[in-house]
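Worksheet: the structure to be examined is printed underneath.
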Amino acid sequence: MEKIVLLLAIVSLVKSDQICIGYHANNSTEQVDTIMEKNVTVTHAQDILEKTHNGKLCDLDGVKPLILRDCSVAGWLLGNPMCDEFINVPEWSYIVEKANPANDLCYPGNFNDYEELKHLLSRINHFEKIQIIPKSSWSDHEASLGVSSACPYQGSSSFFRNVVWLIKKNNAYPTIKRSYNNTNQEDLLVLWGIHHPNDEAEQTRLYQNPTTYISIGTSTLNQRLVPKIATRSKVNGQSGRMDFFWTILKPNDAINFESNGNFIAPEYAYKIVKKGDSAIMKSEVEYGNCNTKCQTPMGAINSSMPFHNIHPLTIGECPKYVKSNKLVLATGLRNSPQRERRRKRGLFGAIAGFIEGGWQGMVDGWYGYHHSNEQGSGYAADKESTQKAIDGVTNKVNSIIDKMNTQFEAVGREFNNLERRIENLNKKMEDGFLDVWTYNAELLVLMENERTLDFHDSNVKNLYDKVRLQLRDNAKELGNGCFEFYHKCDNECMESVRNGTYDYPQYSEEARLKREEISGVKLESIGTYQILSIYSTVASSLVLAIMVAGLSLWMCSNGSLQCRI
């Protein structure tokens, strides 16, 4: 009898039509972090932090960089004889200088405001070298004897190519008065210098005059230099020193020189023919004959990601630099595939609903339905809610970029030895800015991930509520994301539930009768259980009374119990 009842129950269950609401799941192992959780496995995720580069120096948008090899910027601009390959250079996208280039100031000394000049070069893409005071024009001074073994060329003493070291001629050094008027339409970079002899003897041997000066004047510059004669240690075999200076001469402005000795005169100047975004990078990386839109000192970045952690100094169309090691954006749902548990599967397929886990069988949408009826079973994605969700997450990366559209740029400023405290302060400020920038990026990703996952959960709940409000009491909520119909629901009926056109009145009478039938079965079962309970109680009491009476008679017969009547 029990087997028959169980079989009838199974048949009844099989015949029950069901519809379940669930979400997509897959075999993804991608994980993201949120505000509340770490390492949440999701169906889809997008890494938004670029961590790789090609390890090469590349052309930037088709324009080659100026790679100075073993020359410094000072060696290039002054014309160190070992830097002759850079006498005339084409347009550059950025400048590359080694950390400690061998060919710097061959004659020992100092380049004043060198760091400021480098900063100026970060906004220039092309120089045109022009002659402003020909070497042959110094008829009253020796213009070819100013050479040094510290600046050798092909085994002989030489000097910087772009300036002239003027020496006395015929034991005389007449006072120099020279001017140059910038008739060009472009700004002009002009360089000059002063020589500081080792002693008085060298001073008179080279310049005849024991007391000398150099005066330089423009509309914005008023400078007077005097040599500093002192005994010094030898550098590159020289006890003397040279200081070099520069200025930007505006169009229609003139530069005036006056000197009676120790003058390093300009022969060539640099016309600034093209300004634009550039940079001076300290790098030991080799040129790779490649092209890129973003260059760092470590190598080129070719990426569409919004962030990178390669190097703070970049040039070009680059991702934003952060110190993070991981920035992964959730674009899909929590990934919790339904477990293969026999008791949870149901008889018509892998239906677990959104509480127990996602469906790997639903591949054409993020949210949807699984139905089962006499015509069969199957999955169907909810196109409308899926498309809205896709539209929402598609704009997520752009949203993050918009929220962080003001990037702090570490421009790689340089400081001289007298500015070390400023340099240290600048580094601390840059590090502080980058720390804040990184924190903001990480926090934004965590918040967006939390919002995305909550958004998906909300969409599933909304879909569930949409079905629940349609079916009302025509179906029973099973508590796992599924509804069991109280009426027959064929494929057309299932489709009406999915598209929101379910006709509740059409099925309400059939559902009411089914509910009453189920209630009657329950009441009948309760009545049967009550009869069986009463019968069991009476029978048990009767048996107990007979046993007590029998025991009493036995005890009376053997004298163990006195019986009085």
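Placed from the backbone N, Cα and C atoms, the Cβ positions cover glycine too.
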Selected residue, Swiss-Prot feature N-linked glycosylation site, from candidates ASN181, ASN558: ASN181
Among CYS71, CYS83, CYS151, cysteine joined to CYS106 by disulfide in Swiss-Prot: CYS151
Inter-residue Cα distance where the pair is CYS489 (disulfide bond) and CYS290 (disulfide bond), in Å: 65
Integer Å distance between the CA atoms belonging to CYS294 (disulfide bond) and CYS71 (disulfide bond): 24
Surrounding CB atoms that lie within 10 Å of the CB of CYS83 (disulfide bond), all protein chains: 24
Cα proximity to ASN181 (N-linked glycosylation site), best match among recorded positions CYS151, CYS294, ASN302, CYS318: CYS151
Nonlocal residues around CYS318 (disulfide bond), in sequence order (Cβ under 8 Å, 6 or more apart): LYS293, CYS294, THR296, ILE301, HIS308
